[in-house]
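Everything on this sheet refers to the single structure shown next.
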Amino acid sequence: MHIVVVSVNHKTADVSLREKLTFSESSIQQALSALINQKSILEGVILSTCNRTEIYAVTDQVHTGRYYVKSFMSEWFDVDIETIKSATDVKVGNEAIHHLFKVITGLDSIVLGETQILGQIRDSFLLAQSEGTTGTVFNKLFKDAITLAKRAHAETDISSKAVSVSYAAVELSKKILGKLENKKILIVGAGEMAELALQNLVGSGATDITVINRTAEKAKSLADQYGGRQVSLQELQCALIESDIVISSTSSQEFIITKPMMQDIMKLRKNKSLVLIDIAVPRDIDPEVNDIDLIFNYDVDDLKGLVDANLAERERAAQVIYTMIDKQVISFVDWINMLGVVPVITALREKALRIQATTMDSIDRKMPNLSERDRKVISKHMKSIINQILKDPISQAKEVSGSENRAEELQFFQEIFNITNEVESIKNNEPEVRRSKNSFVFNPEQ
């Protein structure tokens, strides 16, 4: 039994190929069914986001498992197998476990430490579980991964520091003015940077938002999407008079906001302070507005310093999380190794209990007048003797779980105690690796 992950991400393939290798939300259930019916694959989870497509599988053999996962991707996406091979990164065993933990904690994301991937993996796992394509191994592995990611974000500040200019603009606004719920915010521009700023503003509680753009239709579309209002470019000066925060991001080659304009506006504002954040290149705001009292003006260079400092803090937090990951990998591998030992220990205990029961039956026949108290005393001492005799063999069996030759050593262990048939019987009566749809469902809130 082996854990395999086949990954297509921003490091292995360009966006034009990643677009072709993406599962639509409506197709994943069907894809899971097709995946689990491939040869060699015992359990499966599919993760598909805008930046990565990953297939996690428990396989009976490493080489055949890798082959059939890639073959499945080739058939599903109608892409030749050589393209799949060149566009994928394959990890097996401990490396596959480490990869999942690294991805779910945000350490493999374009934005270091982002938290969205945690929810995406959680949803992918729960869907696979509901479809019956996970079992003993993945139910444990993904539960551990989700718990680890929550702990990593709770115990470090890796996701709390802005590492994009648009997000930094919003964080700077909060630092200067505090909560944004009652602040009047003006967005000048309707491009990608402006939209990212809007997303973060709304996420930070801002509700009073005005959008201005040279193209009114774009401004209205963006304003409607985020619950704001749109005004024309001709109303810019009126909007500046009313605003507490201005974030500007246009493609203009000239200043949109000039020093003379702001001198007039500040008089009408009755000396109320104004925060100007210019995230455009070239700049939208004349840097000479810095000479005007009560104007706090910041450009991309100011924000870049904040972003660089925050990124350095995230990287320090990442090192802490890597230590958490290493420990969790060891813990999970120990658990995996114990799966093969448990039937052996169970068989040994059951054999000892049968010997005890047979011996007690013999005592009862030969000493029929024993009182109930005497029987309990004898039984108690027999259990004590059995536990003492089994203590060292069981301890040795657990030690074997970490050995590279554990299969051979466990077989030798079974032969010494003559429990090979009992072990096979226990294995045959265990639940299948892959569970049914009605099996236990992991609750991620527990």
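One is the number of the first residue shown, and numbering goes on along the chain from there.
In case you wondered, yes, glycine gets a Cβ from its N, Cα and C as well.
Taken straight from Swiss-Prot:
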type	residues	note
BINDING	Thr49, Cys50, Asn51, Arg52, Ser109, Glu114, Thr115, Gln116, Gln120	substrate binding site
ACT_SITE	Cys50	active site, nucleophile
SITE	His99	site 'Important for activity'
BINDING	Gly189, Ala190, Gly191, Glu192, Met193, Ala194	NADP(+) binding site
In the chain carrying His99 (site 'Important for activity'), residues 6 or more apart in sequence that have Cβ under 8 angstroms from it: Val5, Ser7, Lys91, Asp108
Integer Å distance between the CA atoms belonging to Cys50 (active site, nucleophile) and Thr115 (substrate binding site): 15
Cβ neighbours of Gln120 (substrate binding site) where a neighbour is any other Cβ within 10 Å: 16
Inter-residue C-alpha distance, Asn51 (substrate binding site) and Gly189 (NADP(+) binding site) (nearest angstrom): 27
Beyond the site residues Gly189, Ala190, Gly191, Glu192, Met193, Ala194: chain residues whose C-beta lies within 8 Å of the centroid, for NADP(+): Glu195, Leu196, Ala197, Leu222, Ser249, Thr250
Cα proximity to Gln120 (substrate binding site), best match among binding-site residues Gly189, Gly191, Glu192: Glu192
Residue among recorded positions Cys50, Ala190, Met193, Ala194 with least C-beta crowding, 10 angstrom cut-off: Cys50
Cα distance (Å, whole number) from Thr49 (substrate binding site) to Gly191 (NADP(+) binding site): 23
For the substrate site built from Thr49, Cys50, Asn51, Arg52, Ser109, Glu114, Thr115, Gln116, Gln120, further residues of that chain with CB within 8 A of the site's CB center: Gly106, Ile110, Ile117
Least Cβ-crowded entry, counting other Cβ within 10 Å, from the binding-site residues listed as Asn51, Ser109: Asn51
Nonlocal residues around Gly189 (NADP(+) binding site), in sequence order (Cβ under 8 Å, 6 or more apart): Ile212, Asn213, Ser248, Ser249, Thr250, Ser251, Ala280, Asp284
